[in-house]
């Protein structure tokens, strides 16, 4: 992987990730394909929304179908027939979200398989091996996603262990002869001094890109903005920056303003299945009765298949009847909305008009522009 940085506007960056499998224009949003599929979508439909890279879930694909089934097909690209690049998370977030059924040790994490209850162990080395078999174009290190809230002492211990695991991840990744990209993950909760230590330690180890982890886990939005403003300038400018698990459209806008290049989140697909649809002027809850006889498109400014062909009334009808097509059409629209938003941000950065874009984005939604505390 090669990262090319074209231009900046304030702290926002316009560039691209270049892989053997294709080019990803940045800032980029990655749809989430947890089980080897973006829920309800064919790879061709996902590509048609404008997505150039997707995310796969190491933890879930390890449990089902497993490494051996994956290797029978070649890798995850062959298994799911996605032709572009794939980023896989390390499995750390899913393991730590298991709560009481897992035990963290210096060696790794012991837990119960949530499917059948069998005891399982996952460590940095195993995570690197699974992601190698998946053929991931971007591999994420195995870390502990520090929960929120966490006091300073716990966050410090968690961050320090994640640094040790980062070195183990790097060593095993290199030992496998993996020629793809490996990203480090910056931890430290909401504490700037801990984030400083994490960034410094990861840069000393050396990675192809750097993710900001442990945000969007319940902390106030102001804390997320503060940490991004503090951390992003410390990440080497020639490496991509990835904000994990984020988020709402406004979170993408604010991340870009602070220098983030990559995002992922289940929100557009999960919300689509619940009839919660993103449009230029805000949000449409399609199951509300007021849409029952509305013959207008979901978003007159959207060029997606759904908006070009169907009315709000039809989408309302499908949702109320729990028809599968409704969830699919909603997903197509929400994914396209996110890709249109990212394209708009990229164009605004190219033209040096990002803050004008941001102002209009919030005006259309009837909300104030959040403060940006950067030099």
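Indices start at 1 and increase along the chain as displayed.
Using N, Cα and C of the backbone, Cβ positions are placed for all residues, glycine too.
Per Swiss-Prot, the features are as follows:
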ACT_SITE  89  active site, proton acceptor
BINDING   89, 90, 91, 92, 93, 143, 187, 214  substrate binding site
REGION    245-251  region 'RNA binding'
ACT_SITE  264  active site, nucleophile
REGION    269-273  region 'RNA binding'
BINDING   302, 304, 307, 333  Zn(2+) binding site
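Feature annotations (Swiss-Prot) mapped to structure.
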residue : record                   : Cβ within 10 Å
90      : substrate binding site   : 29
91      : substrate binding site   : 23
92      : substrate binding site   : 24
93      : substrate binding site   : 21
143     : substrate binding site   : 31
187     : substrate binding site   : 30
214     : substrate binding site   : 32
264     : active site, nucleophile : 22
302     : Zn(2+) binding site      : 19
304     : Zn(2+) binding site      : 22
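Sequence-distant neighbours of residue 89 (active site, proton acceptor) (same chain, six or more apart, CB under 8 Å from its CB) are 55, 56, 57, 58, 59, 140, 244, listed in sequence order.
All protein chains included, residue 307 (Zn(2+) binding site) registers 23 other Cβ atoms within 10 Å of its own Cβ. Within its own chain, the region 'RNA binding' (269-273) has Cβ neighbours under 8 Å at 31-32, 38-40, 327, 330-331, 333-335, counting only residues six or more beyond its boundaries. Counting residues per DSSP class in helix, strand and coil order gives 5 helix, 0 strand, 0 coil for the region 'RNA binding' (269-273). Here residue 264 (active site, nucleophile) is positioned 24 angstrom away from residue 307 (Zn(2+) binding site), judged by their C-alpha atoms.
The maximal spread of the substrate binding site, taken as the longest Cα to Cα distance among 89, 90, 91, 92, 93, 143, 187, 214, is 16 Å. Cα-Cα distance from residue 93 (substrate binding site) to residue 302 (Zn(2+) binding site): 34 Å (rounded to the nearest whole number). The closest partner of residue 91 (substrate binding site) among the recorded positions, by CA position, is 264; the full candidate set was 264, 302, 304, 333.
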